[in-house]
Amino acid sequence: MVAPAALRVVRCGGSSLCGARAVFSADSKQLPSLPPSLYLLCASGDFVKMYSVATEETLRVMGGHADLVTGVQLSPHNHMQLYSSSLDGTIKLWDFMDGIPIKTFTVGSKLLALYVLARYEDLVFAVTPKSGERDAFQLVSVKLTKAAGQDVEARELSVLLDAVDASPKRTAFGREGEYVASVKERNLQVYFFKQKQLNRYSVSAGKAGSGSSEFTCITCHPTEDCIATGHADGRIRLWRNFYHKKEYTFSTLHWHHDTVMDLAFSMEGTSLLSGGVESVLVLWHNQSDCQKDFLPRLGSPIEYISISSDGALCCTLHTDNRISIINSNLRFSKSIQGLIKSKCSVKTGLVVDPRTKALVLNGEPGHLQFYCLQNDQQLFSLDIVQRQYIHQAGLHQADLVKVAFSPQGKWLATVEEREGTTDPELQLKLWFYNEETQSFKLNTRINMPHEDHITDMCFRDMGELEEDSLMLVTAGRDHVFKAWVMVEDTDPEAQQGVSWSCDFVGSYHNYQATHCCFSEDGSLLAVSFEETITVWDSVTWDLKCTFCHPPGKIRNICFGRLTCSKYLISATDHGFLCCWNLLSCALEWSAHLNILVLQPDPLSEYIAAVSWLSKESSLFVFKPNEPRPIFIQRNLCKEKIQLAAFVPRDEPEMTGSEKHLWLRRSQLFFLTDTQELMTLSTKSLQERLTPSSNQLAVEESLPVTPFSLLLGKHRSQQSEEEADLGKLLVHSKHEQDSPAVRELLHTPAHVLPSASFLCPIFINSLLISKENKSAAEVADEVEMESEKTEDDSDEERDIAEMEQDDTSPLELLGEMTCKLSKSQEKELRKIRRMDYSWISAF
């Protein structure tokens, strides 16, 4: 018996990709021993992610840190290895091609930035908090011990600079590590390692007032003594002759109208890249104000700029969780988009697209993002508002607030409203999915569908009868709910044959309508009016019954499903969870819980409820017909959970515990108030990766060598032999996946034994054992081979398919089959070759 795995909360997406500067892997043109593919490595929450530059695919997700990753640097002494630092106080050395940690160095203090230099083999540099002082940081050198073991101590620290900024882009090393420069507020300090000299400089406040000329970022020229600094007023200063405290000089470059977010010199130092809040990448040639090129409309402010080792590519990390890969000639190449975090709350909620099973929620202003859960990337973005968004405070602009999909995913309903206005401006839009263009097309636009804000909306689910009985219900603060149905469009100039129109308007005692939902079969509609739930017949619109709650407005309502379809569940803002029986119109049970999220599983009877009490989120999973929860998870996470959604699985998951059966057909995802996407899983990190991510694409990109050709031919011969006609299922060492070959291919190179030890094992694994056969059988086989060469290829395929079809069901049932002898098969082939066309004359 295997003990069931524990259910744990794991972060599955939404982590910021711009928490630290990204790095490119080394290029194979410079180092022929490296694979030809180029990879991009970046921090993502407490993970390190590895992307393919060619395909944008997530190849590796390296986990092991217990807190946010703050720095990622390639090892200058082994370009297949990577250093990462974290707030958990550790530095990890990774073999990123295999995704395994080689060594963990425990520093014991929070690490806010990491720097690695080629001239120091056993030293790295980091920014750490200054002990005993609040919001004070220092730059230290960390000696990496060579002691044996995977987990070692690295507490030998030496302070280089005091009073540095915590941001990693405000400290930089220059000219192969000759000096280090750091900026904070309006002060610049430069420390020279050989001379052990420290020079300090400052800039004036400027005409714009206090703080306008503050330093925001810094970078150093790779070959010359030149420092480039960015400032809050949009200026870039180039510092020279800073070996002297009073004879230093600087020149100014100015294009940005606001803060310069990051700077980066090209590998040769002939050009400088800058980015800021304008979402424009600026290329300054020869450090001149007169020669510059632009790449505009990158979508969002630029947080970091990184350049590949050969200078052919650069990447920009953006505040909207996107990575843009750009060619050296400022041509946009590719984009890797993570989960876009909304500037305020996620007004649309978490909605699942029935077609793609993607999470749908607010993206860029006025857009819907379709987010793929498997690879933590955005599938596409749909412009709903279709207006240019102006990034300026104080403007009242239209925003997306509600989203709903029809059960089959053919129709999409959206609600947009203008922010901050006294009289709301509302638009209800219905979109139809076009199979030819593979996108949603606007079908109907309804201005002011309600006189006040729309609080909720839902489609009626009628299964296969969706086209004939599709209905949309909206609830609003104008004290009514409305039912919308499709009608034939009578306008001769209309391009579509149908449009949407209001079919019914309902109200209850002039109360505000707050929530609505349909029963599983679509026959009943539940609408909550403040503290009362009303149940309506969705065909005749008769009011069937009402349920009055204890004091408190209704926060959530949902119907039970399958065997629990006769129940209606609701939660109030006064901390009550109630279950009503629709047949007896009575309260079945109630619980005193402060439920924030109530989410039913669309494929089972289970319902997930998330409560918030004493700064702690707890999860309760239950069936409406059983008042006792089947699963309880206290202290689910530190953050407050705002939204949740069940996403159907492609295949049911095997669970080892009855308590986890509710996760068999669907997976629960939830979004915290910090917009971190989390889920519950019994699998480890590597098991949760998709097959394409788990099998690194390096194998496909490896050059074709004689060894690989030999191995490929060997494998193809093996598969052909197993598929031959009449072969018995005899598995020898050759037919099985040889452990020797498997270990040779999948074991990291740095831990393999010598080639002289592996060679005999590998050669023996390729040898094919001979089977003892009689002389008659050998002669018979030779004769059969000669007959096969005369047969037509189509006839051979037909016979093979016939024999496989005949034997397979019997073999599955475990029965013995009578096989023809070789002489009988020979006679059968002769009969099949005879011409029977003369029969057609009769």
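The backbone N, Cα and C atoms fix where each Cβ goes, glycine too.
Record features, source TrEMBL:
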- 778-808: compositional bias 'Acidic residues' (COMPBIAS)
- 350-675: domain 'WD repeat-containing protein 75 second beta-propeller' (DOMAIN)
- 776-813: region 'Disordered' (REGION)
- 62-104: repeat 'WD' (REPEAT)
- 253-284: repeat 'WD' (REPEAT)
Could you give the residue numbers and ranges of same-chain residues that sit at least 6 residues beyond the repeat 'WD' (253-284) on either side and whose C-beta is under 8 angstroms from one of its C-beta atoms?
169, 216-224, 226, 228-232, 234-238, 291-307, 309-311, 314, 316, 318, 326, 328, 330, 391
Where does the mean pLDDT land for the repeat 'WD' (62-104)?
92
Structural state census, the repeat 'WD' (62-104) (DSSP three-state):
0 helix, 25 strand, 18 coil
Which residue counts does DSSP give the repeat 'WD' (253-284) for helix, strand and coil?
0 helix, 18 strand, 14 coil
